[in-house]
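Have a look at the structure below before the remarks.
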Amino acid sequence: EQCCDRPKNTNVRISLPAVCFVWQIAMIILFGIFIRYNEESDAHWIEHKTSKNISSNIENDYYFRYPSFQDVHVMIFVGFGFLMTFLKRYSFGAVGFNFLIAGFGLQWALLMQGWFHSLDPMDGKIKIGVESMINADFCVASCLIAYGAVLGKVSPVQLMVMTLFGVTLYAVEEYIILSLIHARDAGGSMVIHTFGAYYGLSISWMLYRPNLDQSKHRIGSVYHSDVFAMIGTLFLWMFWPSFNSAISDHGDGQHRAAINTYLSLAATVLTALAISSLSQKTGKLDMVHIQNATLAGGVAVGTAAEFMLMPYGSLIVGFCCGIISTLGYIYITPFMEKYLKIHDTCGIHNLHAMPGVIGGIVGAITAAAASEDVYGKEGLMNTFDFTGEWKEMVPTRQGGHQAAGLCVALCFGIGGGIIVGCILRLPIWGDAPDNSCFDDEIYWETPATYSVCTSTSSNNPCLGPHNTVNIVETAWHHHLL
Amino acid sequence: EQCCDRPKNTNVRISLPAVCFVWQIAMIILFGIFIRYNEESDAHWIEHKTSKNISSNIENDYYFRYPSFQDVHVMIFVGFGFLMTFLKRYSFGAVGFNFLIAGFGLQWALLMQGWFHSLDPMDGKIKIGVESMINADFCVASCLIAYGAVLGKVSPVQLMVMTLFGVTLYAVEEYIILSLIHARDAGGSMVIHTFGAYYGLSISWMLYRPNLDQSKHRIGSVYHSDVFAMIGTLFLWMFWPSFNSAISDHGDGQHRAAINTYLSLAATVLTALAISSLSQKTGKLDMVHIQNATLAGGVAVGTAAEFMLMPYGSLIVGFCCGIISTLGYIYITPFMEKYLKIHDTCGIHNLHAMPGVIGGIVGAITAAAASEDVYGKEGLMNTFDFTGEWKEMVPTRQGGHQAAGLCVALCFGIGGGIIVGCILRLPIWGDAPDNSCFDDEIYWETPATYSVCTSTSSNNPCLGPHNTVNIVETAWHHHLL
Amino acid sequence: EQCCDRPKNTNVRISLPAVCFVWQIAMIILFGIFIRYNEESDAHWIEHKTSKNISSNIENDYYFRYPSFQDVHVMIFVGFGFLMTFLKRYSFGAVGFNFLIAGFGLQWALLMQGWFHSLDPMDGKIKIGVESMINADFCVASCLIAYGAVLGKVSPVQLMVMTLFGVTLYAVEEYIILSLIHARDAGGSMVIHTFGAYYGLSISWMLYRPNLDQSKHRIGSVYHSDVFAMIGTLFLWMFWPSFNSAISDHGDGQHRAAINTYLSLAATVLTALAISSLSQKTGKLDMVHIQNATLAGGVAVGTAAEFMLMPYGSLIVGFCCGIISTLGYIYITPFMEKYLKIHDTCGIHNLHAMPGVIGGIVGAITAAAASEDVYGKEGLMNTFDFTGEWKEMVPTRQGGHQAAGLCVALCFGIGGGIIVGCILRLPIWGDAPDNSCFDDEIYWETPATYSVCTSTSSNNPCLGPHNTVNIVETAWHHHLL
């Protein structure tokens, strides 16, 4: 067996239940004080409808957004969850901790986002509806992206802490970007992806483990774990049009955002595969690229999806991002690990950080180039929400505001990540030693057949011929029972 | 090899095709006599629309309910099907027989529920539409819950019989509870979960196998079967808001039911994980709890989801059920097996029975506490359907009716299960001997690589060193071919 | 190792990236020239709405069709992709190449179908919206069906060529069938399934490999690959009602199509299982039948789903197709391989070709039998679109046109497949030698644990006792690392 220089206590039997219980009770209390149904989900709706002259129940926002909400929900739980199951021995942690983070995060997000966006001045309550649920899922997405950078290297308690601060930071940066700066970001290239990715990367940098190569035999996939990961990839890919259109304007806004995302993602598939094949001497494809880089087009079209990006514009964005993201997996991830001391388990720098920044830039350019000719007079005001205090806004200045929004997302991600990373370095969180990373056995009851795997290393001494029977016996137990 | 005291004939070559063909032909005849399209799915809709002054096709109930229907459909086939794939050698049976039960059950449910609920007095025909399909899926859900208790221990023919009677009993109890007693149960805590779970548990009790420990080496999971089961868990979890809102009132009713369910389930995740971790000396999590107990909040909020339960109320329900359900897996399931002679393969007592009863009680309390202050005058009438012959109903009395509904569900479940269990004890159904339970090889053609597994027991004599080559060879064949 | 008579170059490092890049750039250029948003997805919609007196954003076609679109999208990428993962060593190729084909095909389909169906005469542009995306996905479906016949035997470059021509042929035959002949085919029994299946079978016939038995040890499943395939099966099965209703008429048309498909598929499950059980001496079920034949009812009800087929009519269609399709797997597939030299990897002849033709015939009969009595005067005109130049059409003649449409689909499928098959026989495409078919290692970087598998054959010499240690070591490496 490999020995472990610094023995660590990975027992989370007190800390994990304590965090879960205390925080969940806090949620109940805060929800009791602050959160109520909005008028479209309150039983008074039937009276409200009459008073507002709404002709039909179908005008309830529920029918405009619920199908998209469910698609987003699938992306959060199955999409992100299964995308991370690719590691040979960390599938439980991937899908299970993803579940935990999201389950907690969405509650805290409803509160945090509610305080900033949906506080009813009449009674001081947060009023929630279907759009709040989508926004909470969006907020959680940024924390799950961050999880991708530290997958297999942190304890569930650390993940809860990371989510608590992540959601808090998200709500603030979102408020600054969308409300104060008045940037538009329907699909969250900046608010979700740029912020989430740099938040995770900064944390991973703070938590850098110089001796992680003691666990390197567990980094990598087995045949079926790669197939499981494709479930995540495909549900993300397929439902991304719903993600980018879920909270855009009723009518043409949602319609256009779905089309742009659909097209961008299609182009990404082709260029990601092309670069993947090009990068190997024999032209073979790499599942890591198929699982991840094919999604970059959805990230990068997030901000501009609701704009008149034009179908060919979407294809161009997807085209470029498929190339950049795949090259990132080939060149940038190893570079970052070796020279910048940032280990990025899932390669979120290639899938979320770079495409997110590109998305912010594309959004700024598209906004700056908007004209009444293309959008129509009303369409321009409607799409960019040039109303109220922003009535005097013009497209070129909007472009500048978009760029400012991108900077805010970057600052919050990097700054927040460094601070939270410091907190997570405290030796109280029960994280695994360097030789037990990426190993479900640390935090999970594993099937009886699992144990034999954890003592394996590429130069395992028991592989000699003197030990055949033992191996056979364990192999037998492992696979056949 | 283990020997088998009572050799059993598990050949279903005559009985299974016979049941499938005869019952399917009966369905065709009965559908021919009784079932027609309702006015919203009939080609006359275009004229009907004009005559009823309906302004747009979007007012067709299809657009209010179809997205929820598809989500429910996924829960029935992928959700329940994959949730049960956790057993190492019963994944074909889990997903395959689930498919068979649901395929037959939904047809029979359309007829049975139609006779009670949608018979057109004008022409004596049952008129079906999107709501009928949802209700048929709901009815099937109760039979699939029951399947969870007997998973791996019954033949497909027994499952068909169980479904035939289950659907019949369901339609009657549903009629009594919803129409005669006028209880509300949009998400079916009582009608679906309580009934289905006690129906299954009673059958499992009647079919108790004292020598089931001969198959105990097949009870349990392997690493990837646990990941497959998470597909089922997550699709159930994610789409449960659609389940509980699928047939509630248009507008705020559906909207509110979705929100309440979303919140309740989120809280359940945290408390289920907390108890799971607490229950192990080393704080490790157990996949059985993650796969099942995280769903209890959706069950328990079923009845009250459309009421003004309030967001914090939903969180409290989820909070409690996560705890109770996980404790059930730890303490009650082994107790029931040992002392009550009820073997519950999937632990449906913890996931459906207890949370279902809690859901009924929560519904009764919430209904009894309803006030015009909270709901509004019209909202109260609308939510509880205090119209027609129930015009004089008041919330406190409604609470009593809810409680009465719960009792009916319990009685039908237990009573029906005992009777059907007696029928299923007849030695004609082709069920497996005690040493061949939880084994796909009994009813399925398995890949050539499967066979080596079925002769395995923990004290298999061939594991000695004299037999290395054979083992290696079988291992080789098993895994590498 | 087995030797290979004709060594082949399977290196696609130049050809695959070249095809992807060049074609994707061509797409961008053509989209730039031709494709624009339609009026419901353009920012001018807000003005357009006022001018056309449309009262609400909910009247945007997006809300009528987007939920169905997403279901169809899942069928294309997860449904078809995972259905083909059943092979023990071709899961990467199944789901990955499926992804590639669909990603390219949908772009080319938007152009091809746009030129025929959505060219705006005012400005010569193709105007796209949600219905275009559904139609593009439909078109891609036909190419993925064709992929099923040649799965594991062709290179990704061949698949791209096959898709390029397949989409082109599809657009032409669709135009002839739907526009020139005025046949109705909402669910595409003829246009999608008949065409796609015969296109694939003809190509497979042209590419017949007499020495394919050198790869026969890789044809077949392992336990978990069969479970993966069930993910595909179930998502296809569940969402088929959305497939058949996605582009049918708003209101009762979509509603009825969903009901008919739901019922037909339910009946198919029972008869497919019945025949599967009957066909084995011991009554065991075969996963191949469950995975495939259970879907035949959805194919066969495609054309008639929007007609007044009646619920019992749908059951009858499903009943028959479950039987025919399963018998096809048992008798016709081996027959075709042995005597007709057509190797059909996934059995698309049983799942798509025969049920597609049946669907065309059912559609013709149902159309010919339509009457004002059943449909209503307006309903008949509405359902069959007897408007404009087809105002004088009568049901009996419509039946003839339906039959003519079926013939066109057959001719295009067979003729097109033969021509494209000739092209694909050129020795430049990098396809695998006969002894390396159905093997992911040819085109994919596989996990380190994969390699040991590819040299395996049933009479592998190294299985002798002199080699125990090596085997153990490789087994160890294969499974435990």
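Cβ coordinates come from backbone N, Cα and C, glycine included.
Positions annotated as domain 'Ammonium transporter AmtB-like' by TrEMBL: C:60-426.
Annotation comment: TrEMBL describes C:12-35 (among others) as transmembrane segment.
What TrEMBL records for C:69-87 (among others) is transmembrane segment. Long-range Cβ contacts of the transmembrane segment (C:69-87) within its own chain (Cβ-Cβ under 8 Å, at least 6 residues beyond either end) map to 94-95, 98-99, 102, 130, 133-134, 137-138, 140-141, 144-145, 147-148, 151-152, 218-221, 225-226, 228-229, 231-233, 235-236, 239-240, 242-243, 246, 287-288, 291-292, 345-346, 438.
For C:94-112 (among others), the entry in TrEMBL reads transmembrane segment. Cβ atoms under 8 Å from those of the transmembrane segment (C:94-112) belong to residues 20, 23-24, 27, 30-31, 34-35, 76-77, 80-82, 84-87, 126, 128, 132-133, 135-137, 139-140, 143-144, 147, 151, 156, 159-160, 162-164, 166-168, 170-171, 444 of the same chain, restricted to positions at least 6 beyond its ends.
Taken from TrEMBL, the feature transmembrane segment applies to C:132-152 (among others). When Cβ-Cβ distances below 8 Å are used as the criterion, the transmembrane segment (C:132-152) is approached by residues 38, 65, 68-69, 72-73, 75-76, 80, 83-84, 87, 90, 93-94, 97-98, 101-102, 105-107, 109-110, 112-114, 117-118, 158-159, 162-163, 166-167, 170-171, 174, 188, 191-193, 195-197, 199-201, 203-204, 207, 215, 218-219, 246-247, 342-349, 351-352, 417, 437-439 of the same chain, each at least six residues removed from its ends.
For the transmembrane segment (C:159-178), the list of distant contacts is 16, 19-20, 23, 97, 100-101, 104-105, 108-109, 112-113, 115-117, 139-140, 142-143, 146-147, 150, 184-185, 190-192, 195-196, 199, 203, 405, 408-409, 412, 416, 419-420, 423-424, 429: same-chain residues at least six beyond its ends, Cβ to Cβ under 8 Å. TrEMBL lists C:159-178 (among others) with the feature transmembrane segment.
Long-range contacts of the transmembrane segment (C:190-208) within the same chain: residues 138-139, 141-150, 153-154, 162, 166, 169-170, 173-174, 177-178, 183, 299, 302-303, 340-345, 348-349, 351-353, 355-357, 359-360, 363, 405-406, 408-410, 412-418, 420-422, 424-425, each at least 6 residues beyond the stretch ends and with a Cβ under 8 Å from a Cβ of the stretch. According to TrEMBL, the feature transmembrane segment maps to C:190-208 (among others).
Non-local neighbours of the transmembrane segment (C:220-239) in the same chain are 71-72, 74-75, 78-88, 91, 265, 287, 290-292, 294-295, 298; each lies 6+ residues outside the stretch with a CB under 8 Å from one of its CB atoms. As annotated by TrEMBL, transmembrane segment applies to C:220-239 (among others).
The annotation transmembrane segment is assigned in TrEMBL to C:259-278 (among others).
Residues or ranges marked as transmembrane segment by TrEMBL: C:290-309 (among others).
The transmembrane segment annotation in TrEMBL covers C:315-332 (among others).
What TrEMBL lists as transmembrane segment is C:353-371 (among others).
Positions annotated as transmembrane segment by TrEMBL: C:403-424 (among others). Long-range Cβ contacts of the transmembrane segment (C:403-424) within its own chain (Cβ-Cβ under 8 Å, at least 6 residues beyond either end) map to 146, 154, 158, 161-162, 165-166, 169-170, 172-173, 176-178, 181, 183, 185, 190-191, 194-207, 356-357, 360-361, 364.
Note on the transmembrane segment (C:290-309): residues 83, 86, 184-190, 192-193, 226, 229-230, 232-233, 236-237, 240, 243-245, 248-249, 253-254, 256-258, 260-261, 264-269, 272-273, 275-276, 317-318, 320-322, 324-326, 328-329, 346-347, 350-352, 354-356, 358-360, 362-364, 366-367, 370, 374-375, 383, 402 of its chain, located 6 or more positions outside it, place their CB under 8 angstroms from a CB of the stretch.
Of the candidate ranges C:12-35, C:315-332, C:353-371, C:315-332 has the most C-beta pairs within less than 8 angstroms of the transmembrane segment (C:259-278). Only residues 6 or more beyond the boundaries of the transmembrane segment (C:353-371), in the same chain, are considered here, and those with a CB under 8 A from a CB of the stretch are 183-185, 187, 189-190, 192-195, 197-198, 201, 296-297, 299-304, 307-309, 313, 317, 320-321, 324-325, 328, 380, 383-384, 395-396, 398-403, 405-406, 409-410.
The domain 'Ammonium transporter AmtB-like' (C:60-426) scores a mean pLDDT of 97 in the predicted structure. Beyond the transmembrane segment (C:315-332), the same-chain residues lying 6 or more positions past its ends with a Cβ under 8 Å from any Cβ of the stretch are 263-272, 274-276, 279, 286, 288-289, 292-294, 296-297, 299-301, 304, 309, 347, 349-351, 354-355, 358-359, 362.
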